[in-house]
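A quick write-up on the structure given underneath.
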């Protein structure tokens, strides 16, 4: 890992480390050596939860404590942190042991998410709380811009699952239909299928999860459009059937 590549990561974080050793430790998985990032991850997790809680408190004045807690949980969960790692292109900076490298650990959401928290902890130790808060706010601004308080920050896959379960329909099926590019920068294409509604959506993503989320988002929009149309068609069919059944009675009355 070169100083130049670390400088690129620092630019993406918008923080220059006074102690470069902290940055290197934050990027080091336990499989790589004894000086790994788990303690930094523990610290970063606490700082992250506080900063996100403050952001939500200021942004959503009408949400109660329960909704704020659920929204925060969705924003700091593994999947959300892995998305931030993707934006930082963090996989190319990870320091992994040989076994983790061979098994594709640089793409594993749990490792990516833990490293993001470790980076937040490293910034806190390097320059204090305000620096860590600034870095976290910067990384969460794109996330917060798309948060719908009505759905409490749930991702597209969760919303699609709840939508289908609420209508007693089978859960969607996700299938990787194609991969492109080198191992460290693969692009995925994933199909989201809802057989009961005859919906099939294929979407790309920088990771399998990202592609699944993109496909689920479009599939949810399609399902929301299909079901009202299907209900309207059924109602229309029932109305025609009722009219047909009542027609002979009306004719008989006119004959009389």
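Heads up, the Cβ atoms here are built off N, Cα and C, so glycines get one too.
Applying an 8 A CB threshold to same-chain residues 6+ apart, the list for residue 45 (active site) reads 76, 117, 121. Per Swiss-Prot, active site is recorded for 45 (among others).
Per Swiss-Prot, the feature active site maps to 117 (among others); the stated evidence is sequence analysis. Annotation note: residue 117 (active site) sits in a helical segment as assigned by DSSP.
The Mg(2+) binding site feature in Swiss-Prot is assigned to 41, 114, 117; the stated evidence is sequence analysis.
The domain 'RNase III' annotation in Swiss-Prot covers 6-128, and the record cites sequence analysis as its basis. The predicted model assigns the domain 'RNase III' (6-128) a mean pLDDT of 93.
The domain 'DRBM' annotation in Swiss-Prot covers 155-225.
Remark: secondary structure over the domain 'DRBM' (155-225) totals 34 helix, 23 strand, 14 coil, with classes taken from DSSP. Around residue 114 (Mg(2+) binding site), taking its Cβ as the centre, 26 other Cβ atoms fall within 10 Å, counting all chains.
Counting other Cβ atoms within 10 Å of each Cβ, the recorded positions 41, 117 show the lowest value at 41.
Secondary structure of the domain 'RNase III' (6-128) per DSSP (helix as H, G, I; strand as E, B; remaining residues coil): 91 helix, 2 strand, 30 coil.
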